[in-house]
Structure formats: structure tokens, C-alpha cells
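Record features, source TrEMBL:
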TRANSMEM  B:6-24  transmembrane segment
TRANSMEM  B:68-94  transmembrane segment
TRANSMEM  B:106-131  transmembrane segment
TRANSMEM  B:156-174  transmembrane segment
TRANSMEM  B:209-227  transmembrane segment
DOMAIN    B:297-328  domain '4Fe-4S ferredoxin-type'
DOMAIN    B:360-394  domain '4Fe-4S ferredoxin-type'
Amino acid sequence: MNVPTMADMMAQGKQPEVLFWVGAAGSYDDRAKKISRAFVKILHQANVDFAVLGTEETSTGDAAKRAGNEFLFQMQAMMNIEVLNGYEIKKIVTCDPHSFNTLKNEYPSLGGKYEVYHHTQFIQNLISEGRLNIDNTSLKGKRVTFHDPCYLGRANEVYESPRDLIRRLGVNLTEMKRHKETALCCGAGGAQMFKDAEPGNKEVNVLRTEDALKTNPNIIATGCPYCNTMMTDGIKFKEKEAEVVVKDIAELIAEANNL
Amino acid sequence: MQYLTNIFFIIALIAGIGFFVMNIKKLSRNIKLGKDVNRTDRKSERLKNMMMIALGQSKMVKRPFSGFLHIIVYVGFIIINIEVLEIIIDGIFGTHRIFLGVLGDAFYGFLIGTFEILAALVFVAVVIFWLRRNVSNIKRFLSKEMKGWPKNDGNYILYFEMVLMTLFLVMNATDPTFQQAGIGNPISQFITPLFDGFSADTIHAIERTAWWIHILGILVFLNYLYYSKHLHILLAFPNTYFANLNPKGQFNNLESVTNEVKLMMDPDADPYAMPEEGAEETVPEKFGASDVTDLNWVQLLNAYTCTECGRCTSSCPANLTGKKLSPRKIMMDTRDRLEEVGRNIDTNNGVFVDDNKQLLNDYISPEELWACTSCNACVEECPVNIDPLSIIMDMRRYLVMEQSAAPQELNMMMTNVENNGAPWQYNQQDRLNWANEE
Ligand code: SF4
Ligand code: SF4
């Protein structure tokens, strides 16, 4: 698929409307790569002039920061800021709430000031600007529950954008008992994704999957590649793969629009 | 002889308030042991938070049942304390119900009547609280960290309140002139018959005793605060005022690190440069926190404000899945250690003498710290805006940057970030491959 890089743009003397920050998961993780592609399809459909950094993109340092390694985080941040500022980037969109949070909140005081959007916010804007329509028939009647990613929800109080998009799909949005401010973490945050859990009596992702299963969903919608992994593993653990799928909102929209 | 009681009253009052002031000074000294952090910006927003969250209890009612009961106790307790003003004036000048003459029958009756109803409601609410803590199986009251003193503390506060409310009502019930006037006694009139058949002298003695125990009890309670989780009735106000206003996902960027990273990345910097004149003496700043004095004063204020309600812990994903981490325990440990440091300073004439202990390991184990998902559920839940997560993060920073003591898998992740620009071992050159797969 056509994914222009900033270097290409620069060579042609062009400045895109927005930079798509893909993130490590979206670039390398097989499951998350599908989310990146789904989002790009949506960008294409809405004729958004975008670019990625490609091989010039590197870890935001978010995971290192949550693990306590402030040095590594700031090294990564300063490297990224140098590249981003070099390309005079103003606007960034990302499918990863962790990148979203750190770029939006933690980069500014290090010299990186950008307008940062989570992809659900960005898509919502495309719709309100009349640049994109969502087909509300193909998924009609499906039961969908949305798992709030901590770094989108509590961390940045974005609760409505993903829900608004889900409602536009014509599906039946059912809420888990713990949702929005009281949502339970999927277990991946704070660098937990990269290590085994401490001794306990259950895995966090299993507990959260149980929350979701109580709503009898056909689809568990997420807005974060790490939540996606965690919930997918939870569904496997519960042996519910036949009945329930875990999908990013971008994938649902791409599916609804036959992209 | 008559003046003797007045003098005794004044001495008790001065002693009670004096001791309280002394404790508050100690409290503020201990809080100031923390590092500086600027929380003087955005004043109107801070004021609004304080009015909504501390005064208006807006976060308490997120759990409606306990929130509602808490509001009764809170409002009741504060309003009834207006009565204490009268007691103090009466006590100093040897008057009796001085406000009756000043305010007139109707208004005085209305006030005391309201107090009586509130006192009865507070009593009932406190009994329910006691049952919740001691009889029903509410998990957050049964955790490990709630054994011993914290459990007793919770109950002592409830007993105090039960006794004070009872004394207030008995005091009114055994005041014959007050009862005969028939104003402001909606509850106590039903208690009066209990004393039927007692001699006038006995009834008067009971009234005086109730009056005295009531005011002395209040003075004792005031001084009990410093040792108790009940300190929150005062500290909830500054704590909500000075709380973090940034998005919860925004962690601070350590400035000391920024300076070093800038130096490292600056191609013109001379790594062998001599330190500037006079700079030799400066001890390099410690990264992160291993003891309470490495935390900032807002974090220490948080520790004193914690009500030990456990709402944080009951929403913590790590705790809910059986891990050792409990954000409430993080706050209780911080307070306990800070108290220990404070006592150390007191016994050593104002200087801290190393006691070979610190918050890390002696109170909080790395296992607890590493179980945190940084999900902010604890911060969101806390009814008085405490931030246990910031303490966890500062301590992780110490573990990683000062001790290189991260779990092995995290070290691998960090090595990958450093070498490949991603937490996994992939080649940087393959970063755009996703676009051409499928
Ligand atoms: S931020 Fe950490 S301590 Fe707080 S609730 Fe989440 S996992 Fe528990
Ligand atoms: S930190 Fe807040 S929520 Fe947790 S026990 Fe203390 S007061 Fe309650």
C-alpha cells in the first residue's frame, strides 16, 4: 500500500497535512500491523495527505520511562524531537495511546510541541468535516463492548471519541460494569507488557476479559495495540475465540466501509 | 471556689489547643522535609478543586452508599461543632447556655434542634460504619495492611464520635430548664424520661459531667488527629488544593536528567572538561527516590492525608489479581517512615542521624513496585486526590537509574530500545515493512 515517508515528501518539497506516528507495536507486531494498515486505508479513503517517518521513526521511550529509565526516555525523546522538528511537523496522529500520551504531554517540555491526536479523535474529525462516512449497515446488530485504554481514558480523559465512532457503526454498544473512569487496566501498561507478572492468583488480562465477557459481546473493541494483545490472549485463555473477536476501532471502520 | 472550675476550664483549653498547635508544627516540619515542587500556579482551578472535592465531597459520592453516610457524618460533625463555641464561652465565663439570651428562643431552639437531629443521624451513620468495618465482609477493610493499629484507629474514631454525640444529647436531656422550655429538643426529650425519679441534684451532676466530658473529649479528639488517619478532616483541604492538575498520564521529566542528556547529545560538549570553579563540592543529585526525603512535599502531604479508605486498592488491577502491591499500603508506609524520620530528628536535637533504614526495602519492596501497571485507577479513585502512582514511579526510577535493579526482562526491553529503537529485537531498517505486507 502507498505509505509515503517524510523523506519522500521532503524530496518533493511537500509538507503533509499530518504525520502518522506508527509506534513500535504498529510497525513490528503482527497483530498491530493490521491496525496500522486499516488506519492507512481509512486515511486513503478520506484523501488525507499524510506521511510516516518510516525507518527514521524510533521508540518514543514511553516504555522505558514507565519502567523508571528516565535517561533512556529522554535520549529517545530528544532524538525524535530533533527529527520531528527538522521536518517541521505540526500535527501528529497515532493508533497507540502510549505514544499519544507521551508525545502530547511529555515531549513539550523537552522541546517537542505538536498537536497530537489519537486515531479515534482524528477519524471523528474527518467525519465532522465531511471527509469520511461510516457505513452503518454491515455490522448492524452486533454486540460490541469497548475496553478503555488507561492511557487514552483516565490518563487523557478521552472517553467519547471511540464510543461515538462505535455508535456510528450501527452496532449495539454495551458497557462493562467498570468503564470510562473506572475501567480496569488490561495489564499491559507501566512496561508490564514486556515482563512476567509478579506472583498473584490471576492475570490482569484474564480478569479484564471476564469483565468484557459478562456483556456477551460479539466484538471487543479496543483503541490500543497493547490492549488488543492482552484481550486477544484473554479470549484465547477463556477459549472463546469462536464467539468473540477483538478488533481495533480502525479495523471495524475499515471493515464496515469494505476497505 | 466558683472560679476554680473556670480556671480549670481555661487551663484545659489552653493545654488542648497548645498541644495541637505543637503537633501541627511538627507535621509541617516533616512535610517540608520533602523536595520542592511548584504548585502555586492556576490558583482558581486549585480553589475550585478544593471547594468541590474537599468541601463538596464530590468524589466521595462516586460510591453512593458510603458516600452518603460520610456526608452525614461530615456535615453533622462540622455543624454540631458550632455548639462548641457556646460551650467554650460558657466554660470560660461560667455562664450557662449564653446563646439562648443572645439569639432568642426561636432561633436558638432551631439551631439546637438541628444539632440534635444531626447528632442522631451521625450516631446512626457511625454505627453503620462500624458494622461495615467489623461485621460485614468488605474486602478493602480486611487487607493485610489493615491489621493492628490501622484497624483499631478506624474503630477508635467511630467510638469517639458515638460517645461525643451521646454526650451532647444526654447533656441536653438532663438540663431541666432547657427541657421545660420545650425548644430545640426534638431528640433529647425522648431521653429525658430515662432520668425520671432521679433527684434534681443527681440530674444536675449528670448534666455537668456530660458537659465536661463532651468538651474534654473534643480536646482529646483534636489531639488524637495527628496520630490518626482522621487527620484527613484537616489535610483534605490543602491536599486537594495542591494536587496535580496536569493530565494523569503526564509524568514529570526529571530536570537533572535533561541536563545530562543534553550534554551527552551536544556534539560540542567536551567530555573531559573540568567542572566549573566551585562546582566540585556539589554532590550529584540522586535519581528517583529511595527514602521519604527524596519525595516532594506534596507526596508527603498526601501520606498524612490518606484516610486509609482503600478505594485505591480496591480498584488496583495488581491488587485485584492477588499481587502484593496495594496503593493504600504505599501511602501508609510513606507516612510511617516519615514519622520515624521525624522522631529521629526530635530525639537527636533537630538533626537526622542515619538509622540504616529507608522507605525502599524496609517498608516497600521492589516486588510491590514492579507490579504497578501505571493505570492511574488509584489516583482516579482517591476521594482526596492522593497520587500513589507518583511515589511508585519515583521509586522505580531509583531502582533502575541508581541500582540497575530492574527485572531481567525489562533490562532486555531497554537494551532493545537503546539498540534497535523498539522494545523488541527487530531491525530498525524493517520498520516500514508493515506497509507492504498482507
Ligand atoms: S497505577 Fe499502579 S498502584 Fe495505582 S491502581 Fe494502577 S496498578 Fe495499582
Ligand atoms: S490513597 Fe486515597 S483512596 Fe487510597 S486509601 Fe488513601 S485516601 Fe483512600
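Note that Cβ sites are derived from N, Cα and C of the backbone, with glycine treated the same way.
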Near the transmembrane segment (B:68-94) in space but 6 or more residues beyond its ends, with Cβ under 8 Å, are 2-3, 5-6, 9-10, 13, 57, 60-61, 111-112, 114-115, 118-119, 121-122, 125-126, 128-129, 161, 165, 168, 211, 214-215, 218, 233
Contact set of the domain '4Fe-4S ferredoxin-type' (B:360-394) with the rest of its chain, CB cutoff 8 A exclusive, min separation 6+ beyond the ends, reads 49, 53-54, 57, 59-60, 62, 232, 235-236, 239-240, 243-244, 248-249, 251, 288-291, 294-295, 298-299, 302, 305-307, 309, 311-318, 323-331, 333-334, 336-337, 405, 407
Averaged over the domain '4Fe-4S ferredoxin-type' (B:297-328), the pLDDT of the predicted model comes to 97
For the transmembrane segment (B:106-131), the distant same-chain contacts (Cβ-Cβ under 8 Å, at least six residues beyond its ends) come to 66, 69-70, 72-73, 75-77, 79-80, 82-83, 97, 99-100, 155, 158, 161-162, 165-166, 168-169, 172, 181, 183-188
The domain '4Fe-4S ferredoxin-type' (B:297-328) resolves under DSSP into 18 helix, 0 strand, 14 coil
